[in-house]
Amino acid sequence: MVTRTPSPDTRLLFSIMAPAADRPGFWGQPTSTLDWCEENYAVSFYIAEFWNTVSNLIMILPPIYGAIQTVRDGLEIRYVFAYLGLTAVGIGSWCFHMTLQYEMQLLDELPMIYSCCVFVYCLYECFKQKSSMNYFPIVLLLVFSVLVTVVYLQWKEPVFHQVMYGILVACLVLRSVFIVTWVYPWLRPLSYTSLSVFMMGFLLWNIDNIFCDTLREARLRLPAVVGAVTQFHAWWHILTGLGSYLHILFSLYTRTTYLKHRPNVKFICGVWPVIRVEPPKKK
Ligand SMILES: CCCCCCCC/C=C\CCCCCCCC(=O)N[C@@H](CO)[C@H](O)/C=C/CCCCCCCCCCCCC
Ligand SMILES: [Ca+2]
Ligand SMILES: [Zn+2]
């Protein structure tokens with residue numbers, strides 16, 4: 001990962017310093033404050049980081065299906081927002097990696113904060129009355145989102161965004177551990193699978209950033225297929241996309257169990273997990 005400020009001077013400097021494997025492409029000189037390890041315009045003239053772009057499909061398509069199913073099952077609208085929030089991150093991230101333009105970077109990073117706030121609301125409000133709305137956490141999360149947005153628009157420091165996002169993820173982890181320790185221990189496998197998959201993605205995100213030079217050198221010498229599978233930022237998309245999706249299933253399972261809806265995890269085509277619910281039994 002290369003960090004840069006989007007001023008014209010630095011852009012010129014960066015174009016001089018840019019690694020040899022990067023090529024010019026359709027969207028012009030990158031203006032984003034981050035440029036990931038994948039070689040720019042190496043696969044397509046129209047897509048700056050090809051693997052980092054297409055790997056977002058996992059964050060776009062399955063949550064759309066989840067949102068439709070949530071509406072069909074008559075479940076709470078907050079879970080539709082959770083699924084569609086993940087889709088919004090995937091679309092923003094697609095646009096960012098395809099163009100490497102600063103405006104598109106914001107479309108990727110700010111929805112990460114907003115959708116995580118929706119996840120936090122869902123998980124911290126899962127033991128409340130059906131369709132209840134608690135305005136205090138809503139206002140708190142809205143103020144947090146607005147503050148992060150305003151500060152990040154002024155202070156274009158990616159580490160600030162990463163720390164704010166990390167705080168929200170930590171809130172989710174703590175609440176999940178509380179739920180599976182004290183309330184529904186039988187949900188441990190689902191919760192810990194979501195957490196492990198997410199953390200594995202985070203590990204690969206760090207490997208991609210720390211060992212970028214070594215990875216780029218190796219890709220020059222190895223067959224193209226190895227080049228594709230060593231795009232660890234793309235793996236981060238796949239694993240955090242899956243981990244976040246599983247987290248929504250865990251949150252929805254917790255909530256529907258509390259509301260006595262009798263949820264079940266089913267596997268579409270034997271592989272892709274979804275939640276099906278039956279209405280509460282009449283007494
Ligand atoms: C209990 C399981 C946790 C599930 C968490 C679910 C949170 C879901 C929220 C949103 C979905 C986002 C999915 C990731 C999209 C990634 C898009 C992306 O790559 N964006 C980059 C630009 O391309 C962006 O700059 C990347 C930022 C990365 C920030 C990394 C911070 C990770 C912090 C993890 C901290 C774990 C703390 C655990 C403490 C116990
Ligand atoms: Ca790149
Ligand atoms: Zn990304």
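Every residue, even glycine, has its Cβ placed from backbone N, Cα and C.
The Ca(2+) binding site annotation in TrEMBL covers Asp35, Trp36, Glu38, Asn40, Glu49. Here TrEMBL flags His97, His233, His237 as Zn(2+) binding site. For 80-99, 111-127, 134-153, 159-183, 190-207, 234-253, the entry in TrEMBL reads transmembrane segment.
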Exercise for review: Please check if the transmembrane segment (159-183) comes into contact with the transmembrane segment (80-99), where contact means 3 or more CB pairs closer than 8 Å and the residues in each pair are separated by 6 or more positions.
Suggested key: no
Practice item. For the transmembrane segment (190-207), find every same-chain residue at least 6 residues outside the stretch whose CB is under 8 Å from a CB in it, and list them. Key: 169, 173, 176-177, 179-180, 232-233, 235-240, 242-244, 246-247, 249-250, 253, 265
Check your understanding: What subset of the binding-site residues Asp35, Trp36, Glu38, Asn40 lies within 10 angstroms of His233 (Zn(2+) binding site), using C-alpha positions?
Key -> Trp36, Glu38
Review point. Since the record lists Asp35, Glu49 as binding-site residues, which of them has the fewest other Cβ atoms within 10 Å of its Cβ?
Key: Asp35
Exercise for review: Could you pull out which residues elsewhere in the chain have a CB under 8 Å from any CB of the transmembrane segment (80-99), counting only those six or more residues past its ends?
Suggested key: 27, 32, 36, 38, 46-49, 52-53, 56-60, 63-64, 66-67, 70-71, 105, 107-112, 114-115, 118-119, 122, 237, 241, 244-245, 248, 251
**Study point:** Cα separation, His97 (Zn(2+) binding site) to Asp35 (Ca(2+) binding site) (Å, whole number)
**Key:** 9
Review point. Counting only residues 6+ away from its ends, which parts of the chain sit with a Cβ under 8 Å from the transmembrane segment (234-253)?
Key: 38, 51-52, 54-56, 58-59, 62-63, 66, 70, 75, 79, 82-83, 86, 90, 93, 119, 122-123, 126, 172, 176, 187, 190-191, 193-202, 204-205, 208, 263, 265, 273-275
Point to revise | Cβ atoms near His233 (Zn(2+) binding site) (within 10 Å, other residues, all chains) | key: 22
Point to revise | Near-site residues: Zn(2+), ref His97, His233, His237, CB cutoff 8 A to centroid | key: Trp36, Glu38, Glu49, Trp51, Asn52, Thr53, Ser55, Asn56, Ser93, Gln231, Ala234, Trp236
Check your understanding: If you measure Asn40 (Ca(2+) binding site) to His97 (Zn(2+) binding site) at Cα, how many Å is it?
Key -> 9
**Study point:** Non-site residues, in chain order, whose CB comes within 8 A of the mean position of the CB atoms of Asp35, Trp36, Glu38, Asn40, Glu49 at Ca(2+)
**Key:** Asp22, Cys37, Glu39, Ala48, Asn52, His97, Leu100, His233
Practice item. Pick the one among the binding-site residues Glu38, Asn40, His97, His237 whose Cβ has the fewest other Cβ atoms within 10 Å in this structure. Key: Asn40
Study note, to complete from the structure: Listed in sequence order, the residues of the same chain lying six or more positions from Trp36 (Ca(2+) binding site) whose CB sits under 8 Å from its CB are Met1, Glu49, Asn52, His97, Asp208, His233
Review point. Any idea what the Cα distance is from His237 (Zn(2+) binding site) over to Glu38 (Ca(2+) binding site), rounded to a whole Å?
Key: 13
